[in-house]
Structure formats: C-alpha cells, structure tokens
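Let me begin by presenting the structure, written as structure tokens, before commenting on it.
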Amino acid sequence: MRGLPAGAAFSAQPRLAAIDWAAAETLIAIGITPAAIADLGGFRASFSHLPEMNGTVDLGSTWEPNLELLDRLKPDAIYLPAWSSLSLAQLSDIAPVRLCDIHGTGGDPTERALRFAESLLVDFPSPSGEAAIRQLDERLAQLAGKAKPQPVFLLNLRSSNRFVNVYAGGSLPGSALMHVGLQNAWQGPVNGFGFASIGTEKLLQASDVSIVILNQNDRTAEMLARLNDSKFWSAIPAVRAGKIHVSPPVSVFGGLVSATTFAEWLAVTFDKAA
Amino acid sequence: MAKSVERRPGNCYPLALFVLLVGLLGLLLALDNLQRVLPISAWPNALSSPRQGSIPELLFSWAALPRLAVAFLCGAALSLSGLLFQQTLRNPLAEPTTLGTSAGAQVALLAALVWAPGLLGIGQGPIAITGAAVATAAVFGICAGAGRSPITVILAGLVVNLTLGTISAIIILLYPERGEDLAQWQAGRLEQTSWTPALGLSLCLFIGWAIAAFLCRSLRLLEMDDAVITSLGMKPAWLRGISLAVATVVAGSVIATVGTIGFVGLAVPALARALGARDLRSLLVWSPLLGGLLLVLADQIVQLPAMMNGQLPTGTFASLLGAPVLLALISRTKAGAVRPQPARTVPHRMRISATHLLGIFAAVVLLIVIGLALGRGPSGWEWSTDMDLIIRWRAPRAAASISAGVLLGISGVMVQRVTANPMASPEVMGISAGATLGAIALLFLSTSFTSGNLLAACAVGSLLVTSVIIIVGRRANFAPDSIVLIGIALSTVVGAIGAFVIAMGGPARSLLLTWFSGSTYRVTQDMATLVAALAILGLLVVPLFNRPLELLGLGEDGARALGLRVGRARGAIILYSAIATAGATIIVGPASFVGLLAPHMVRQLGICRALPQIVASAIAGGALMLIADWIGRTLIFPWQMPAGLLTALIGGPLFLYSMRQRR
C-alpha cells in the first residue's frame, strides 16, 4: 500500500478523490476541494449551490470510477461509499480508502454525517474546518424538536404520476425530518437507501398529513407541471388542504451540509409558532 | 397447434370449467382485497357518486376498481396479441416478449423520456406502439427470407430483445437518474390512479378483437400453405400484415399503460389449447377471457397483505407463474414443431496454410500491443510505455477479455454443432442466466461481499442451471430444440427477477446494472489468471471432442451407425460448454453475443471442420472481446463502457444482418 497509513495526519492541502458525494460535500465544507470526484457533472447538478470547481477532475461513473486515471492522479486518500465496497480491494492498491457510511448502511444518516465530518477533522485538522463543522453542529442542535410535531410524507416525484418515491428514516431527508421533531407518515418497508417506490394511491390512505416534495431541480418542475392535471392527485387530502410544500433543491445523497440546510427549511416551514 | 385443415370439434367443457374456477378464485380474492379498501356496505354509495367521496370511497372507485379493470384488460390484450402472433406465424412460441415487441416499446418510451420529454405529453401510447411496430417489423424483415421457420423467428426475436436491452442499458449508463423509470416499466406494476388508462386500453382491445373476430375465417387459412391460400383468392401477405399490426398495437398499448408483462401471451393460448379449444374461433373467445381472469388472479394475489406488502410487481409474479407453463409446453411440444434448420453446405471452403497462421499470429500480437499501449490519460490520447501502469490496470482486463472471448468462441461452436443450429449460442442456453441468478441470490444473502464471493455464486448458479438442462435434456436425449427452449425460458425468468431487483432500487441496483452490462472493470489479477487458466485448459481439452462433433454432424442416425453414443456425447459437450460459458459470464456478463458472433464469423470464412472451426472461433472471440474492452476503456474516457454492452451493440445488428443474408 502506498500513500500514508490510515489514521496519520495529512499535509496541509491533501489530494483527495471522492467517489462518495456526501464525502465530497463534507470535504468542501471543511475547506478541502477534492482533486477528483466521480460523476462530476451529476455532482454539480445535484449540489447546485456549491461554487465552481475548475481544478477538479471527473472520475467517470460512481459505480465504475476510472481506476487507471485515479492511479495516475496519485491521491492521498479515496472516499468510497460503504455500501459499494466491491471495488475496495482495487482501490486500496491506489491509496488508503476511507469508507463513508452515511448512506445505505442503516442507522441515522444525519448522525452519521456528523460523525463522518468529525472523523474528517481528525485527519485534516484546521481551525477553519473545525469552526465550520462546529457551526453546522450547533445549527443542527438548535433545530432539534423545533417543528410542530405532525406527520409528513417526503416525496420524490417520478415520470409517471402513478408512482412516487417516499423517503423514510434510513434516508438523509427522513432523518432530518425526525431531527426537527416531525413524524414520518410512511411506516411501510423501504429499500437499503431508506426509500420506496409506492403507488400514488397509498398517499390517500393517510388523512391530516402534510407533503414535502424533495426538489430535484428541472425534473421536479417538469413533474409538478404534469401533476396539475391529475384529478387523483388533487384528491389527496394534503393537496386538498393546501398542505403541500416544495423544498428548495436538496441532495438526497448529501452529507452534513445538506442535512442541516434541509432541516432548517423543514423547521421554518413547520414552525411551532405557525 | 392444429396443423391439419380438417379439425375435430374441440371439447370446451374442461376449458369452461377452468375459466370459471380461475374467475371465481380471482373474484373471491378481489372481494377480499376490495372490502379491505372500503366496507361492502359502502359500495353502492361509492359507485353512485364517485366524485366527491370520502378517502376510502375515492380509493375504491379511482384506484382499486380501475386496477381490477386494467388487470383484466392487460391479460386479455396480451393473450389476444399472443394468439394472433401464434396463428399468423404458425409458431406456438410467438408472443410480444419473444418477438421483440415489448422491448421495442420500452426502448421507445425510454428514449422519449430522456431526449424528448415533451413527446410524452401526447401520450405514451403512440410512442410505445411505434417502438413496438419498428422492433416487430425488424424481426420479420430479418426472417422474411429465412423461410420463417419458428425457431428462426424466435431467435431473431431474442437477439432483437437483447440488442434493445443493450440500448436501454447504455441510455441508463449515460442518464443514471432515468434508470428508475425504466425499471418500473420493466417490472410491470398495475397501480392505477384514474380510469383513463383502462378506457384507452379497452378501446384498443375491443377494436383489435373485433378485427380479429371479423377476419377469423380468413385467419384460419393461415394454417395452410401460402400457395393454397392464394388459390382460394386471398392475399396471404395482406392477411398476415393486418393480423400482425393488430397484435402489435394491442401489445404496445399494454406496455404504454403498465409496462412489460411476460409469458401471458405465450402461456394463455397454450393453456386454452391444452384444455380443449381446438380451432381459432373458440380460441378467440376463450383466450382473452382466460388471460384476463388469470392476470386478475395474479394481481389480486400480489395485493394480498401477506405478499411483501404489495411490493412485488404483478409482471414479475406473472413471469414466475408462467415459466413452469412454458417448460411444460416444451416437454409437450413434439419434435418438429420447432425444428432447427439443417446445416447448410458453405459454397467455398478455406484451407488453412502456414501463411495464414503466421498472419493470424501477427495480427493477434499487434492487437494486444495496441490494446495495452494506446489509451487516454488526463491530457488526451497517448502511447503509453509505463509498464507499471499497463501491468496494474490494462493487462488483467485485456487478459480476462481475451480469455472470456476464447471460452465463448469455443462453447459457441460446440453448442451450435451439437444443436445442429447455426443460430444457437451459449447465451441462448440459459447458462449465463444461471450465473446471473447466482449473483442475484448473493445480493439477497449478503450486503457486503467480495468479488471472490461473486465468482463462487456465479459458478454455483451456472452449474445448477447446467444440471437442470442435463436432467431435462436427458429425457429428450438432448434434442437440440428442447435445449434451446429451456434456455429461453430460463433467460426470461431470470430477466424478470433481475428487473424486479433493479426496480426496488437501493444499493443492489447499480451492482446488477453493472452485472447485466458485462463489464471487465472489476477484474483483478487473480481473476484474470483464473479465467486465462480455464481458457488454456479449454483449448487443450477441445481435441477430445473432435470425433464426436464430426460424427454428430452426420446426423443422429449416421453418428449412431458409426458407433457414437449420441446421448452421452451430447451430454458431455453440453457440460463442457456450460463450464466454459460460466467462466466467461463471470467476466463479461450474460449478454455479450460473442458466443454467437465468433462462430458465425468463422463460418463466413468457410472453415467447416470441427477442430479448425473451434480454434478459429476461439481466436475470433478473443480478438472481439479485446477490441470491445479497448473501445470501452477509451471511447468516453474517463467514463467507461462495459465490453459486453459494446459487443452486444455491434454484434446484435451484425448477427441479424447475416441472418437476413442467409436465404
């Protein structure tokens, strides 16, 4: 194994490769722009609030990042999603691999995102980075239980309005929802990433529930326009009662920053005072 | 499969009884599921004023009832479509999924979704029907000259299916966020939120059925020779055209509404025939009815609370139910219903001289050198001499690709010679499907596994399928057509299960997508060594099969007369090909086409004797895979295209083209 042994401190500006987007987001938050990110185009589209990253190299798809290119970039460390550890052996030959376990491994993603950010600070201690994470941590702590308790559906719209994706506890939006004191209206089974694709008619079964639509930029706008003609959609209790909210763009595979921003929006939208 | 013109009046009582039974069972389950939505006492009220109702009333009349209707309509439409395809083509195995119709509709929808979302505003129906029509027309265009023998049509359909599947996979590769929508279509889920789809579908079905019923007498004539039909004053081409158009439109409208539901079109007319419907008129009445009721039953079973909370798509469930029917159908199909084409003599024979060998050797070496050294780096194209880079990243992939190609090339020739069918291939035998099944099983058993585990799982899966083939095949004395049909059945079932797992999303999805696309990405040096050893071993053992293969080429009787134990020889050859295919599948996935392409290229060159053909096919296969892997690594750098996808994308159309040339 080349590069630095696991656990040792890195130099001031380490060259890091992020195959996990949540890891990339957190690295940028502590002031380290990754030298390479998998599916850079997709990452930029999904995290549209981030500044330009001209020096960053595209590594190819997230499920098959280009190993040869990665090797030639000689990164100090590689951040890999814990759920896709299939290429772990190959990546370990290139540089020390850090697993990012925010998504897809069970547990509470917001809490894991905080743990992950703290582990980054151990590897890359810097006053500004620590200040950034501390600030995010404080913001999150303030948000705990901030919203008026009520059941909420977290939805991602699909191209067919017969189906929606509903997010529950194991997902980042779902955990942010619980963090601010709201209840998730979806109690059914979900996949390893904490969401399920369900028939839209299931939304009718719960009355007195609010709906939050997780905004995925252009796609969501396109779907929302199409939903307006659906009689069934307008019969959903939450839609009828006007209890439907479209979030600002949110990355469902994000890290601590995404969790905090989304939690903040939820807290404001479902404010106790309102 | 009534072949004779003179027909006995069929006894329809068992069929009527069966339909009644299925209908009653479906009705009971439907009542149970419906009363869970809304108590029976409230039904009259909900039905009389469906608009401004309570939530359960709305669910009842706008979700549950339309779903019931759509289930019946889809089942009926698919059965009608399958029946018409079968009647027109005189082929008991024709149906929308075996003819490429479904895949065509799906690719058209996906392409519209990605590149022209505005088109979807017009409605999914016209898009799906156009796609279905183009794909079906392609299959028939290809088979037009080949005498439309049943197995040729089915194989052309299979290859069109695989090619279209490849195109879908590439679209998903480039637009990963759209993958989920495609997966939904593939799995065939019946949830409804309005009556509009049901109304559109019933209109399509009614018109289609009316046309079929009106043409019933003429369509019956299609069971006879074209010359006879013409002498009766009919135009067979027109009749076929109309019938196929109806079948395609009806199937396309189903796909636009709910997605792919396999096997219904195949299994239902077969069931109706087995239960006593003999002539087309009674089949036209009973098949749609039976199909509709069967799909209602399947859909109601899926909705039972005990069934994974409604997570299982109806289409997947229907495929799982339909597979045994297909297998039973195969064991009943008498030899001759699906007869492979006799091997044809090739016009010119090539003699291999020393110069040829030297040329081939030089070309292979050149290819390997280019494949290893020429590539793209951070700053563009370059000729790399960095040995460390080559040995670490390029050599294992190149070695594994070549070895996989060699193995597929060998087993391709073996399978084709033993089934006496130049269109057969290891992919068609279902061995690759078995390997896929192993991979899927592993996904369910464990969330964290290494590529070594994956290798073992695939090997177990393909060996299991091989033993099934050998057990079932032994009964039929390894009759070539049964073997191919078992393979088609297995591939379809595995495809349905795979689509379901992909549709569930989650971490397993991307792994399966990579798997299906056949990527050499995760090949390690150990794996490359293993597969290379297998390929070398395979080449060394192959001369032992020379005599049996040559003798089998003389036909079964001839081979037996010369002292060959035909059944045992076939069994050994199939086992050998299965092991070779399993080894290759682990590297390049289930749908590379190399096992079909390489032997074909070699035959075009005029190499006919068993052993030279095998060796040449091994070289061709290896070279093909090497080139595909190289293109895959460089074409969209730093992104990569799986080698298996590339060979399928080039190989599928090439194969179809040469099929068309074969007159």
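Backbone N, Cα and C define each Cβ position, glycine as well.
Copied over from TrEMBL, here are the features:
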- B:12-31: transmembrane segment (TRANSMEM)
- B:64-85: transmembrane segment (TRANSMEM)
- B:97-115: transmembrane segment (TRANSMEM)
- B:127-146: transmembrane segment (TRANSMEM)
- B:195-216: transmembrane segment (TRANSMEM)
- B:237-263: transmembrane segment (TRANSMEM)
- B:283-302: transmembrane segment (TRANSMEM)
- B:352-374: transmembrane segment (TRANSMEM)
- B:452-471: transmembrane segment (TRANSMEM)
- B:573-598: transmembrane segment (TRANSMEM)
- B:610-631: transmembrane segment (TRANSMEM)
- B:637-657: transmembrane segment (TRANSMEM)
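At the 8 Å Cβ threshold, with sequence separation of at least 6, the transmembrane segment (B:127-146) lacks contact with the transmembrane segment (B:573-598), having fewer than 3 such pairs. A Cβ distance under 8 Å defines the sequence-distant neighbours of the transmembrane segment (B:637-657), meaning residues of its chain 6+ beyond its ends; these are 138, 142, 156, 159-160, 162-163, 166-167, 169-170, 173, 376, 401, 514, 517-521, 588-594, 596-597, 600, 624-625, 628-629, 631.
At the 8 Å Cβ cutoff, the transmembrane segment (B:352-374) and the transmembrane segment (B:195-216) share fewer than 3 close pairs (sequence separation 6 or more) and do not count as touching. In this chain, the transmembrane segment (B:12-31) does not touch the transmembrane segment (B:195-216); fewer than three CB pairs sit within less than 8 A of each other, excluding pairs fewer than 6 residues apart. Packing against the transmembrane segment (B:237-263) from elsewhere in the chain are residues 70, 74, 77-78, 80-82, 84-85, 87-88, 95-97, 101-102, 105-106, 109, 123-125, 127-133, 136, 140, 184-190, 197, 200-201, 204-205, 208, 211-212, 215, 218-219, 221-222, 229, 295, 314-315, 318-319, 321-323, 325-326, 492, 495-496, 499: each is 6 or more residues past its ends and has a CB under 8 Å from a CB in it. Within the chain carrying the transmembrane segment (B:573-598), a Cβ under 8 angstroms from the stretch's Cβ atoms is held by residues 159, 162, 165-166, 400-401, 403-405, 407-415, 417-418, 423-429, 431-436, 454-455, 458-459, 462-463, 465-466, 469-470, 473, 478, 483, 491, 494, 515-520, 523, 527, 530-531, 534-535, 538, 541, 545, 548-549, 617-618, 620-621, 624-625, 642-644, 647-648, 651-652, 654-655, all 6 or more beyond its ends. With a cut-off of 8 Å between Cβ atoms, the residues of this chain six or more beyond the transmembrane segment (B:452-471) that come close are 429-439, 441-442, 446, 483, 486-487, 490, 526-527, 530, 571, 574-575, 578-579, 581-582, 585-586.
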